[in-house]
Amino acid sequence: MSEVKRRAVSAIWILTLIFTLPLIYMADPPRNVTPSSLATVGIVFVLTALFSFKVKGTDIIVLQGIGLASFLIFGLFVETLLTQFGIFVYLLSQRIGISDAHRIPVNSLMFLAVSISAGSMYYALGGEVEMISGNVLDLNFIPIIGFYFSAYVVNTIALHIIRRWLLSPPVKLKFFDKDTVWEVAMTILMMPLGIAFYLMYATKGWLGMMIIAVPMVTLSVIIRLINNSQVLINFLQSVNHLGQQLTEELSVKHVFDLLFEKTPKMLPVDYLYVVLYTHPEKPKLVRMFRKDEGESFVPFQQEADISLSVYRQSKAIIGFGRARDMYPFLDALSNGQAKSYLSVPMMHRGQVMGVMTIASHLNKAYTKTSRIGMEIVGDFLAIGLENAKNFEIRKKESERCPLTDLFNYRYLMKAISKMYNNPSIEVFSIIMMDIDNFKRINDTYGHQNGNAILIGVANRLRKTVGHKGIVARYGGEEFTVLLPGLDRNLCFAVAETIRLAVAAEPFMIFNESENRYDQIYVTISLGTSTAPVDATEPSELIYNADHAMYRGAKQKGKNRVARFV
């Protein structure tokens with residue numbers, strides 16, 4: 001929240017309390033107030049507030065159960081004060097710092113609105129606050145239901161307004177999702193206990209309240225434990241599922257894409273980045289995620305980052321509060337907004353391969369469970385990256401010529417088949433070429449220099465063709481260029497450009513007999529063929545281009561381009 005908003009909220013809070021509380025007192029003054037009964041209800045308020053639970057980073061505090069009882073017993077004014085007291089005690093238990101001090105006026109205003117709306121709805125529906133005999137049949141349930149319904153709706157709306165308009169950056173929330181069930185269930189379960197609390201007071205006085213207070217607090221504890229257990233189960237299932245997916249990906253890019261897509265759905269994540277220590281002396285920031293998608297660039301320095309400490313200690317670091325002093329990189333990356341951070345090592349075969357760091361704008365967003373889960377994800381990430389790298393290496397070896405790093409015959413045939421099967425490609429062409437007099441070069445200068453010529457020709461082909469097509473080494477001194485979308489004439493023009501590029505500049509070779517470098521000129525002969533006019537299948541297309549090269553170029557003087565006819 002910005003400083004301007006903080007001051008505005010604080011001013012509104014003070015003015016609202018000054019003007020609202022006296023009005024509430026006059027409209028519904030205290031009644032049935034005794035020290036023992038007030039102390040009992042106050043204790044239950046505090047305990048209920050302390051046993052809150054989290055849903056997607058939001059603390060859910062259900063006070064409506066005891067709130068109804070205190071409203072029926074003492075009136076709206078006392079219920080409002082007790083609710084404010086319970087919220088204040090809860091916030092103190094969270095040990096909020098100065099940067100989060102705005103939570104006090106924000107929550108106070110929200111629950112003030114809840115108290116006023118719930119009490120007003122009760123009266124609007126014909127509810128009365130006279131003490132009854134203790135018979136549940138004497139109660140008017142329509143106003144009671146209205147009390148709870150109004151409290152829930154106003155609380156939900158207020159929460160969305162706060163998180164959408166007051167927080168920086170704003171947080172979008174759904175009004176209804178599966179996690180809302182916990183809050184609704186808590187409200188429904190507390191409703192009969194709130195009624196029972198009131199009835200016990202009507203029949204037994206403050207001693208009756210003490211009796212019913214125990215199951216009320218116990219229910220709060222049980223639901224909190226159930227919610228925490230369910231959250232833990234869901235989190236660990238998500239961790240396991242993500243880990244399996246990471247190890248199944250066959251591309252390094254896809255591994256990171258999956259990590260950056262799934263992790264923010266498991267935990268509150270506003271920042272996520274991975275530093276690899278493949279070369280410990282020079283760690284590399286390989287991928288970074290920012291929820292706000294800011295464009296400001298922060299240069300990585302390992303001495304300024306938390307990842308260095310994690311790498312050296314080989315264990316996770318979890319922290320809260322601003323990281324300005326200890327971890328300047330994280331602080332700069334988040335523009336001072338990160339209030340929680342968790343950094344875990346990526347272990348593989350007993351070694352730290354890298355470090356994964358997440359951070360959130362929320363205070364105390366990560367727990368011991370978060371640390372354990374993300375350590376598991378980090379280990380899976382290390383395995384997934386290793387598997388993907390090995391697969392990419394093997395794939396490259398199977399698709400590339402090890403000498404020239406051009407695509408090989410296998411890849412070429414797959415590419416041609418795909419073009420034949422792609423209806424969006426109406427025409428494509430192929431160029432077959434062969435280095436002229438290559439055997440004489442090998443015999444004269446040796447195979448080492450012959451390989452150097454092959455590499456040199458490959459580099460010129462790659463540079464000349466660029467993104468227009470696929471360059472492959474067909475075999476020996478033969479090369480191929482596949483040109484999608486180019487007809488006969490355009491293909492012939494590209495072939496002529498290639499021929500001139502190869503012949504224009506000399507190639508450097510080492511003359512061992514005279515211990516010096518020499519320059520030699522090399523020429524190539526080329527043949528072209530176009531699909532589908534010249535051929536309807538891959539082997540026919542290649543044969544036609546090869547035929548044009550030998551019959552139309554090689555046999556007619558070399559260093560020329562021939563077209564299949």
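Any Cβ shown, glycine's included, is placed from N, Cα and C.
TrEMBL annotations: computationally assigned, not manually curated.
Per TrEMBL, the listed range annotated as transmembrane segment is 7-27 (candidates: 7-27, 259-279). The domain 'GGDEF' (426-565): residue composition by secondary structure is 66 helix, 42 strand, 32 coil, according to DSSP.
Predicted-model confidence for the domain 'GGDEF' (426-565) is 94, expressed as mean pLDDT.
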